[in-house]
């Protein structure tokens, strides 16, 4: 579970970043950053050196942009640091790998309180520390809006990466993590109704993906896997397309009945559809995987459907054997 | 040398990024990205997999922000892609390593021509391709200004990294690459006088660091090294501080006489100081290194000074045995 906020090393009433030199700001941040056991050389030189015992390194990157992915009146620096780390750590988990390190670039306006930046570092540390992941480097720049770009590195320990392309007809579709909670929390914040379900708001602000489940899935023989960042249907469509198959989810009330119950209060308060949140809500960062029909689906995965051969209409996603009826297609970053 | 612009795959008069879906935009970019021989799994899954034959990976990251590091009326997408790659590749070279791969996050306004983004991809490819460096992953987001954040990975081939902290009294100070050219080119652009020295403008738009010199320096026994991104004096001060020594450059007319001659026309046109550009200009991305007194300084390094024991005033930088007289301290990203 995400921890409560660490005590900020400086207060919001303290200096802005423009009132500090870059060296002052780095001196504030560096002691807060987590060190992982794979860190051979940490921040402070032109580059860091990280152990890659497998002889390969798994690499991904994700960015958070103020006004697009977060608002500073909703998210603290700690929230944004936590979320920037977690969405990247989930990508490594989705390959069946264990994360070793992050590097972070940070664009910040001059009037940002230095405490916000310290909070961001604390949020990165809160997310990474328990995973033994170090923040090994970064870069700072001024800019008009906050941008947090993270690159993440992981190790496969000799295993093959679990790709999106390996699902085969007959496989079981399974999911680990939460579904629709982040979208519901965001909808509550947007409506000014966060008090209806603070736990859902927190799920949006501090997603808590089942990181250890990625390696478990790989060890259990998962044939395909991804991190659900853009919504269950849309991301299932990516496995379907990459594998040339159809993913058929069980009927929503069967596969996701507990989610619908959990989201019912928020859905009623906003006159929204809990099923839409479950099927199309982004940023929960659960893991969607396929397993051979005979394999035991490892905890915390739950079977939620099956893989079918693609028919005449090609690869795609069904719910209860039918075309999904939700109206929301999931994220597109340059529209709506 | 930076190549001339590749023919853009789409024209500036074509669609904006908001007129394309994210999938369309990725379909435009992906074929342009370079593939390196270390790429085991390229873009398209949750993460990429890159060879790390050394069992360690060298990691760095640097960001370019529109309005801070570049202006779109001065820099094309190709320029920005080239520069984003080169400033990162130089960090890997400065460790004595060979770069293997990049990941890139890109924040772009909806009204940006898709051709600009394709140009950026072409610029990344132009910089990375000849180095056998692949672009293995990325992330896209909307935003109000262009932000290009790159993380870079490299391999040490079993060598120790060359740190900033290894300079010892008696070592030779040497530099590879150009000095002051980027700052002069930027000053010409800012004054609307680019026609005075198009080669200097190009040095700003498309820095061309001596990447292969990093490994050469390591093989020749360099005791310390860094990428000169914030100006010669300021970056020399970092080696001095990390190593607990004084770096004493030869008098400017001796060490950098050819640079002063080369920059004289631009300096005269702007009533500026060529010596200031040489000593404090940023973003040339040359390599500053120290070598044991007895060692041969490998091409293309040139000896430009020596390392002295720190005196009572502690570590620092001298020019001709004296405190530098330049007025400009080098970059600070949140001031001036």
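Cβ from N, Cα, C; glycine included.
Heads up, TrEMBL stuff is auto-annotated, nobody curated it.
Predicted, not measured: the structure shown is a model, and the values here were computed from it.
Annotated features in TrEMBL:
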- B:46, B:60, B:91: Mg(2+) 4 binding site (BINDING)
- B:46, B:91, B:227: Mg(2+) 3 binding site (BINDING)
- B:61, B:62, B:139: Mg(2+) 1 binding site (BINDING)
- B:62, B:91: Mg(2+) 2 binding site (BINDING)
- B:69, B:283, B:331: substrate binding site (BINDING)
- B:138, B:139, B:164, B:229: ATP binding site (BINDING)
- B:230: Mg(2+) 5 binding site (BINDING)
- B:44-154: domain 'PurM-like N-terminal' (DOMAIN)
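TrEMBL feature annotations superimposed on the structure.
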residue	record	DSSP class
B:46	Mg(2+) 4 binding site	coil
B:60	Mg(2+) 4 binding site	strand
B:91	Mg(2+) 4 binding site	helix
B:139	Mg(2+) 1 binding site	strand
B:164	ATP binding site	coil
B:227	Mg(2+) 3 binding site	strand
B:283	substrate binding site	coil
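In this structure, the CA atom of residue B:283 (substrate binding site) is 24 Å away from the CA atom of residue B:138 (ATP binding site). With respect to Cβ neighbours within 10 Å, the binding-site residues B:91, B:139, B:227 differ, and B:139 shows the lowest count. In this structure, of the binding-site residues B:46, B:62, B:230, the smallest number of CB atoms within 10 A of the CB marks B:230. Under a cutoff of 8 A between CB atoms, and with a sequence separation of 6+ in the same chain, the neighbours of residue B:61 (Mg(2+) 1 binding site) are B:88, B:149, B:150, B:151, B:152. Cα to Cα, residue B:138 (ATP binding site) and residue B:46 (Mg(2+) 4 binding site) are separated by 10 Å. Its Cβ placed at the centre, residue B:164 (ATP binding site) has 22 other Cβ atoms within 10 Å. Comparing Cα positions, residue B:164 (ATP binding site) lies closest to B:69 out of the binding-site residues B:46, B:69, B:139. Applying an under-8 Å Cβ distance to chain A, the binding-site residues B:91, B:229, B:230 reduce to B:91. Working note on the binding-site residues B:60, B:229: by count of other C-beta atoms within 10 Å of each C-beta, B:60 ranks first. Taking Cβ-Cβ distances under 8 Å and a sequence separation of 6 or more, the neighbours of residue B:69 (substrate binding site) in its chain are B:63, B:83. Over the domain 'PurM-like N-terminal' (B:44-154), the average per-residue pLDDT in this prediction is 97. Closest by Cα distance to residue B:91 (Mg(2+) 4 binding site), from the binding-site residues B:62, B:139, B:227, B:229, B:230, is B:227. For the binding site of ATP, formed by B:138, B:139, B:164, B:229 according to the record, the largest Cα to Cα distance is 32 Å, rounded to a whole number. Ranked by CA distance from residue B:139 (Mg(2+) 1 binding site), the binding-site residues B:46, B:60, B:230 have B:46 at the top as the closest.
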